[in-house]
Amino acid sequence: MSNIFHIEDEKDFQQQLANAGEKLVVVDFFAMWCGPCQSVNPKLEIIAEKYSEKIVILKIDTDKCRPLKLKYGIRYVPTFIFFWNGERLDGIVDEANSRKVENYIEKYLATTHN
């Protein structure tokens with residue numbers, strides 16, 4: 001079972017946050033036309049598999065979910081933000097850098113899963 005979910009709207013987003021429970025949620029704001037967004041996808045799939053028991057990745061297409069893009073002030077894609085227990089955590093990765101995303105995941109897992 002995959003731990004990567006494509007979000008359709010705000011209701012879907014809130015439901016997936018609730019379903020994540022104690023897992024760290026990585027939200028990937030992307031656009032289909034964005035080359036860097038597409039290039040980071042294979043790396044995200046590897047990260048999702050590596051941390052499959054501890055994280056959930058929610059993918060939000062900013063062209064289809066403009067209200068969420070505006071709500072979280074997303075100006076660039078890809079942008080990654082992080083949630084735990086429904087609360088947004090500090091930290092943002094606003095570039096196609098899977099290593100930075102994984103560094104944040106490791107940092108948050110170390111502090112939230114002790």
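Using the three backbone atoms N, Cα and C, a Cβ is placed for every residue, glycine included.
No curator has checked TrEMBL annotations; they are predicted automatically.
The active site, nucleophile annotation in TrEMBL covers Cys34 (among others). Under 8 Å, Cβ to Cβ, and six or more positions away along its own chain, Cys34 (active site, nucleophile) finds Val77, Pro78. In the three-state DSSP classification, Cys34 (active site, nucleophile) falls within coil.
Less than 8 angstroms from the CB of Cys37 (active site, nucleophile) sit Phe30, Ala31, Val77, Pro78, Ala96, each of them six or more residues away in the same chain. TrEMBL lists Cys37 (among others) with the feature active site, nucleophile.
Residues or ranges marked as disulfide bond by TrEMBL: Cys34-Cys37.
Among the features that TrEMBL reports, domain 'Thioredoxin' is placed at 1-114. Counting residues of the domain 'Thioredoxin' (1-114) by DSSP class, helix then strand then coil, yields 48 helix, 30 strand, 36 coil.
The site 'Deprotonates C-terminal active site Cys' feature in TrEMBL is assigned to Asp28. Within the same chain, the residues at least 6 positions away from Asp28 (site 'Deprotonates C-terminal active site Cys') whose Cβ sits under 8 Å from its Cβ are Leu44, Ile57, Leu58, Lys59, Ile60, Pro78, Thr79, Phe80, listed in sequence order.
All protein chains included, Gly35 (site 'Contributes to redox potential value') registers 9 other Cβ atoms within 10 Å of its own Cβ. Sequence annotations record features per position, and here TrEMBL assigns site 'Contributes to redox potential value' to Gly35 (among others).
The feature site 'Contributes to redox potential value' is assigned by TrEMBL to Pro36 (among others). The Cβ of Pro36 (site 'Contributes to redox potential value') lies under 8 Å from the Cβ of Val77, Pro78, Glu95, Ala96, each of these being in the same chain and 6 or more residues away along the sequence.
On the 0 to 100 pLDDT scale, the domain 'Thioredoxin' (1-114) averages 93 in this prediction.
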